[in-house]
Every structure is written in structure tokens, then in C-alpha cells.
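Database features, via Swiss-Prot:
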- 8-146: domain 'DAC' (DOMAIN)
- 75, 93, 106, 107, 108, 109, 110: ATP binding site (BINDING)
């Protein structure tokens, strides 16, 4: 799992350099359209120096036009690590020929070997196939056509909307059951499954956004709007139902996201994530602490909510508390006590109305 996270991080870092809208990508696209092919190395360290033969040092500021003109020559272009300077043009690269390569073309085989030998980012632009391939270490990534990525991103957004609707239904139903005091582990796990799927699709959309660069702004806005408050509410859900009250619920949500990236989770995985044994029955009754519901009451800060839960222990305890009992809690006066009672009543009414709509 750690290896997969590192790979994803590496891809994101690479894509930020060559995403649409960046000067480097503009230059690469110009070379692609001209069908001249090209080989670009980012970084000029001792390892790169040892495999560069010939070429001429120009050490000029990078521009898409310069890249396009210099790529017309047969040799490789050596840029600095950030791609802001062109250091060498028409360089002959001589990597170790004993390094394994899955590529068949000379340009791509050289690119793969240079990347494996030096760890530098190497961009190979195909002359005939109109393909841009990125290499870094053992990583190989082929850039897709922007139109294809946009189509996939829009499809993923539509899928996310469906799972967001599943989340909304599940969290509404859970809220009603919480007020009725009949929650079982099954309902909590069902909602966590919808969180898992939302996070899984979110990660896929983020990968498209990184590859789209400036073309992905609208997709990013849609993603932000769809996920507004969902992750914060999911963290409070975990805080409500985790066996240990002191556990860092944000850290557990992050763990859920990491797991969602690598595997489809079983019910027992989610039960264990909440601090219970994996064999715990899904029919077992569970009681919410009340963080999620009380956080919906307007103008009640987190510190006051913490004081409420510390005093009454559960959501049911808060709901049953009288105005005087609420008034006794530190930071809550008579006015705020009434607001809490009214707020809980409004939330309950809203949940029942949502279920019948």
C-alpha cells in the first residue's frame, strides 16, 4: 500500500510539470503536432553528465518556441530539474545497454534506460504514433488525449453524483434512527461503505484533474461542490461511533481513504476501522456520542459541543437533558440551552421531512 501511495505521489508531481497550461506542455504539444519526435531530460546531475555525449551547451531560458526549434535536431534536450532552462541541445544519450527495457523503438528504449539509470524524468515524444510517454525510475506513464480525459472525468463526476445521493439517503436514515435510538452496526457500516466509494471516485477524479492542468478547473469546481462538508461529516460519524472516544477521527478517515485506494473493503474491515473486533455482529446496537448531529446546530462552537458530550455522554443524553441541565454545562447559558433544544427539534423534523420527499 505504501508503494502504491508513493507511485501516485510521483505521478502527481510529474503531471504538474507537464499538465496542459504549463510552458513545458505547450512546447511538447508543438513537437507532437510537428511529428518530429523528441527526447527531453529534466535534471542535469552527475549521473546524467556521465551518459551525455556531444551536444552543445546553450543555457538559455526555456520557452515553448525554443523547445520546438531545438527538438528538430536528432539529439536529446537536457533541461534543468524545474524545466525553466534549456541547458544542452542535440545531446547523444548513452545509457547502460544492459538495463532491461520493454520498449521497441530506439527513442523510447533510450528514455526508459536513462530514467532507470539516473532516476530523472525523461519525456519521449513519438514521431509516428502521436504519443507522449513519461519515464522516471521504474515508472512509465503515457499521457492521454485531453478530450479522452475530459470524457472520463465527466463520467466519473456523474458516478460521484450517484454515490453522493446514496450517502445522502444513508446519512438521513441514520439520523432518524439515532433520534429513535435503534441504530445497529449495520447502518453505520452501510454509510461508511458509501463514504469509501465517494473517496475512491474522488481520488480518480483528482488524477484526471492533475493531468488536465488548466483544462480541469471546471471539473475541480464540480468536485469541490459535490464533496462540500461530506468529509467533515464523515469524520464526525467516525468520532460518534469509534469504540475509543479519544481516537483521532481525521486520521481514521485518512486511513479509510488509503484503504479505499487499494482494495474494496469488506464489512469486517470497516468494523475494525471503528475499533471493534472484525467478527462483531452487524445487528449489534450502537449508540452515537452526538458530535455529528449537534454540530448541525447553528452558533454552537466545537468547544461547547465537546462540553455537552463530556457531560451527557450520548446524543440521547443531550436530547433528554432539560433546559436547566443544559444551562449547567460550562459555556452554555439559558439562551443557548434553549437554542440547543430548538436546534435538535428542527434537525429531527428536517430529517423526517427529507425521508418523505
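Along the chain as shown, residues are numbered 1 onward.
Glycine residues also receive a Cβ, built from the backbone N, Cα and C atoms like all the rest.
Among the record's ATP binders, 75, 93, 106, 107, 108, 109, 110, no two C-alpha atoms are more than 14 Å apart, and one pair sits at exactly that spread.
Its own atom aside, the Cβ of residue 75 (ATP binding site) has 20 Cβ atoms within 10 angstroms in the protein chains shown. When secondary structure is read from DSSP and collapsed to three states, residue 75 (ATP binding site) falls in the coil class. Within 10 Å of the C-beta of residue 108 (ATP binding site) we count 23 further C-beta atoms, all protein chains included. Under the three-state DSSP scheme, residue 93 (ATP binding site) falls in the strand class. Highlighted in sequence order, 39, 76, 105, 111, 114, 124 have their Cβ within 8 Å of the centre of the Cβ atoms of 75, 93, 106, 107, 108, 109, 110, the residues recorded for ATP, and are not part of that set.
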